[in-house]
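J.: Encoded as structure tokens, here's the structure I'll be asking about.
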Amino acid sequence: MKRLPVIVLAVLLIWAPQAQAHAKLDRAVPADGAHLRKGPGSIAFYFNEVIEANFGALRVFDAGGNEVETGSVFRPEGNDEALAIALKPNLPEGTYTATYRIISADSHPVAGSTTFSVGNPAAGAVAGKRVLPPPQITSGKVTSTAFWADRWIGFLALGLALGVPFFVVWSWWRTLAAEAGGGEEWLQASAGFDRRARLLTAGAVVAGTLATAVALPLEAASAGGTTFWAALNSDTLDEVLNTRFGSLMTLRLAAWLLLGVLLAAITARGRTAVMRPASLGATGLAPRRPVSPELAALLLLPAGSLLVSPALSGHARTQSSAWLLLPSDVIHVSAMCVWLGGLAALAIALPAALAPLEPSARARVALGALGRFSPLALASVIALAITGTVQAIVEVGGFPALVDTGYGRAVVIKVVLLLALIGLGAANRQRLLPALERAVAAGVEPSRVADWLRRNVRVEVAVICLVLAVTAALVAYAPANERNSQAAAATVVRSTGAPSAGRVTIGPVLVRYTVDPGRVGPNHINLFVRNPDGGASTRAKEVRVAMSLPSLGIAPLKPTVESLGGGHFVVSGAPLRLAGTWSIEVTVRTSEFDENSATIKVPIG
């Protein structure tokens, strides 16, 4: 790799998997913490992307824990990014807790809750206090770990099932045709490679099929907040099959099955992509009934479906830049398959082919296979660098996110692993391959060089497996740019003279706020301290508020902030008695020595 510095620089941004953001709640109607004179007819939740309403999506409880929703979940105004449910008429006074559990565009469950009050919020319970915790998002460590392992196996299977046959056709077939002589050992070499390549491919197809099938109950368990075994019932599986994830997994399962059937048919008829000699001659080996164009075209159908599937099951489809991210992800996955499949064939299948050959022939075949694969490996690295850079620009958003978010830290781990791969590839290309070429030219057995090459290739395969393991874990994180957008500013979603609501990141926590009624006079301020993933947080030891109106020179007012438990803090009767845009500084103390502040702008009319 003579351009290693350039490639290393590019790799610093590569292999971030396709956007896998989780849906975020933009607003609720009634707003979180709203105080109403009479009960609403329904409650609606509006999200930032298309969501699905399975697994008991919306429930509303009164202060006594009784459900007050009625009817089925519906889409308000036909909006695919919103869900609503009707409420019982004439709700009595008190505080109500609405919970949601939806499936985001990346097939991950997202859950949360809001509160609103009717009349006297203290009727039946402490004012504003949540009577139920937000619904559980995860189904437990065992299920989440199993889902990670299932994704990892799926990635490995995809790389091997498509990458090994590609290596066979592109590198091995041409090498054998160029180097084979007329001895029996060449038949043994071809058969040895054939046997291991078919085992690799068949094993990958079986593993991919099983991983896809198991993903359905795992998704049901994850989305439903239950265990894997509890999800193995017809009702739950039917529910997950009716989601976008279920439809995509069904299509992926069909693609795996079709690929397996076609490969089995080709093998049964002796039409493998591996060179199968029909006769031995002084000029080399002739292929025995190579794969027909018709079968090759049929193979492209399941192979193409499997390459496109990761992009369609990710978040790219719902983004404004989908026209760029979707093809980028397909190229990204294709490059991974070429790289992994080629290295696996070199590490596992090639030694079986070299064993029966004479030392000089062994060196020529190894050099031919490696020499033909080396440009492919370099092209794969370049493709990964370009597509990964595109994805990183969209998803990471800035250098601080690489260390401040779980998504960013996972990307850093992958970059380190990939740098190790680049180093091994550079050693192979700049030192070991030239040494092998010199040995072949001199007609000597390059045993030491061959040992180093064999060891490096095996290490590369192991490191790629680790990279895919990190990738399988990474899809569970929300992209770093999602966190950055939360930290950039609080978003006010109501206009002047109306209740305001928004969210702002303050140090290690996310604070959601409402200011009601948003008119001149006493206002009720609700502050909900959350973890960055949206779950309720107990990290806030104290919350302070300072309100000022800079346009009129009003100095900061410091009202009393009351804690209602569960990360919920309230300012009752905040004296916002002049019209204008008020600056409300919120300070959150998370330990004896740590506190952070942020300022939100609230229009009062």
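The backbone N, Cα and C atoms fix where each Cβ goes, glycine too.
According to TrEMBL, the protein carries these features:
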- 1-21: signal peptide (SIGNAL)
- 22-118: domain 'CopC' (DOMAIN)
- 152-173: transmembrane segment (TRANSMEM)
- 199-218: transmembrane segment (TRANSMEM)
- 245-266: transmembrane segment (TRANSMEM)
- 295-313: transmembrane segment (TRANSMEM)
- 333-355: transmembrane segment (TRANSMEM)
- 369-474: domain 'Copper resistance protein D' (DOMAIN)
- 376-394: transmembrane segment (TRANSMEM)
- 406-427: transmembrane segment (TRANSMEM)
- 457-478: transmembrane segment (TRANSMEM)
J.: Out of 152-173, 199-218, 295-313, 376-394, 457-478, which stretch has the largest tally of CB pairs under 8 angstroms to the transmembrane segment (245-266)?
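T.: That would be 295-313.
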J.: So, taking each listed stretch (152-173, 333-355, 376-394) in turn and counting its Cβ pairs to the transmembrane segment (457-478) that are under 8 angstroms, which one gives the highest count?
T.: 333-355
J.: List the helix, strand and coil residue totals of the domain 'CopC' (22-118) as derived from DSSP.
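T.: Across the domain 'CopC' (22-118), DSSP assigns the residues as follows: 3 helix, 52 strand, 42 coil.
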J.: Looking only at the recorded stretches 152-173, 199-218, 376-394, 406-427, which one has the largest tally of CB-CB distances under 8 Å to the transmembrane segment (295-313)?
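T.: Comparing 152-173, 199-218, 376-394, 406-427: 152-173 has the most Cβ pairs near the transmembrane segment (295-313).
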